[in-house]
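Read through the structure below, which is laid out as structure tokens, and then see the notes.
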Amino acid sequence: MVNKSRMMPAVLAVAVVVAFLTTGCIRWSTQSRPVVNGPAAAEFAVALRNRVSTDAMMAHLSKLQDIANANDGTRAVGTPGYQASVDYVVNTLRNSGFDVQTPEFSARVFKAEKGVVTLGGNTVEARALEYSLGTPPDGVTGPLVAAPADDSPGCSPSDYDRLPVSGAVVLVDRGVCPFAQKEDAAAQRGAVALIIADNIDEQAMGGTLGANTDVKIPVVSVTKSVGFQLRGQSGPTTVKLTASTQSFKARNVIAQTKTGSSANVVMAGAHLDSVPEGPGINDNGSGVAAVLETAVQLGNSPHVSNAVRFAFWGAEEFGLIGSRNYVESLDIDALKGIALYLNFDMLASPNPGYFTYDGDQSLPLDARGQPVVPEGSAGIERTFVAYLKMAGKTAQDTSFDGRSDYDGFTLAGIPSGGLFSGAEVKKSAEQAELWGGTADEPFDPNYHQKTDTLDHIDRTALGINGAGVAYAVGLYAQDLGGPNGVPVMADRTRHLIAKP
């Protein structure tokens, strides 16, 4: 999971249904089962939910931990640990009778540490632009040359016609042209590095030069005030930056039931990769285990109205690359054929919360990740809120902030939702009172660390949230209608997602 999320209490619009926990499993009497999309669908959903056990999900997590242990403690894309994770999921699905696809995609991953600019004995912090070159350990040094300050500074080599740019470190203000154009103009005139001064005084802006740009020199950004200070000075200037770009190929894993309408596909996904720093057993082995066990228990040819497609994404931790690549590969008809997408990323945090994605947009405007989410997402949220009520948990919202693999689907207009147990954000006192756990501590103190191991999985959260995967999949596999349904084919609006 990437980026930070903001969480607020959800507006609950469902009746409380009595439930109880028994040895890590949740059981409901016939009378307490919720009628959401119809009684037959609810019966099927509860039956599927009851077949997805905590022990089975823990067994999948144990396998993923073993894979990480055998591969330098990681399952990150581009490592043998990721390849072994793909093989495990593929073999498990094939052993359950699924036809499995492993579409390959290419990506470039940029990594950088904070850079510095030194002039006249003073050092200031700078931020690499994505896909910048790095410098040698001692940096690159040259006289500081400032481009003219105008509406389009440094956008053309001619902007430097009367300036001694060759061998210099060039300072240019942010303007109307792309950063890659500024880099190219300075590089053509022989600059050894480029500093771009932002037009605001917040954090250094970052930005990208573009994955397909032939970058020739290091490029960093500084704030407006730092840029102003630099512009008033002269003399030898050194830029230091540790940065690299890695190109790789990776695979997603896709499997679909052989039964059910292919014009109304219910899609459930979880990212399969970890960060390089750790094994990723909560983030996101927990989501993988829940989706995988749901597939195993549903089977390859269930008696369902709508086909179910299971997805295990690669390179989420490097910017949602696998899922975004998949959505970009689909035409309008294929996008319309996906009735909804359910995303499961971090379900068993050790200090867990019980969050649903904010499909009804009940968060305050400034807390929403997207100004609008696709029609139908509110119904999905209500389904998960109702499920958590059954499990004895009161849901709170987490925003659609582009943090996980739902992002490409929502941008394409596909109704989306899911469950989430929290990451690096600290649990409030009110949340600790609501759910238990420790206030003022992160939901997952092991987030993106080597300590994200099997030993730190919360079994109760895994049992509740993992069962929620099966419940929602089973419900929508049988019925897409009702108050918590999604638009029918004729009413679906979809958008092509362009490749960068």
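Just so it is clear, glycine is given a Cβ too, placed from its N, Cα and C backbone atoms.
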Per Swiss-Prot, His271, Asp283 bind Zn(2+) 1; matching candidate in Asp198, Asp201, Asp345: Asp345
Annotated companion of Asp283, Glu317 at the Zn(2+) 2 site, Swiss-Prot, chosen from His303, His448: His448
Candidate annotated as N-palmitoyl cysteine in Swiss-Prot, where the set is Cys25, Cys155: Cys25
Rounded Cα separation (Å) that holds between Asp345 (Zn(2+) 1 binding site) and Glu316 (active site, proton acceptor): 10
Rounded Cα-Cα span from His448 (Zn(2+) 2 binding site) to Glu316 (active site, proton acceptor), Å: 13
For His448 (Zn(2+) 2 binding site): DSSP state (helix, strand, coil): coil
Residue with minimal Cβ packing [other Cβ atoms within 10 Å] among the recorded positions Glu316, Asp345: Asp345
DSSP-derived structure type at Glu316 (active site, proton acceptor), helix or strand or else coil: helix
His271, His448 as binding-site residues, winner by CB count within 10 A: His271
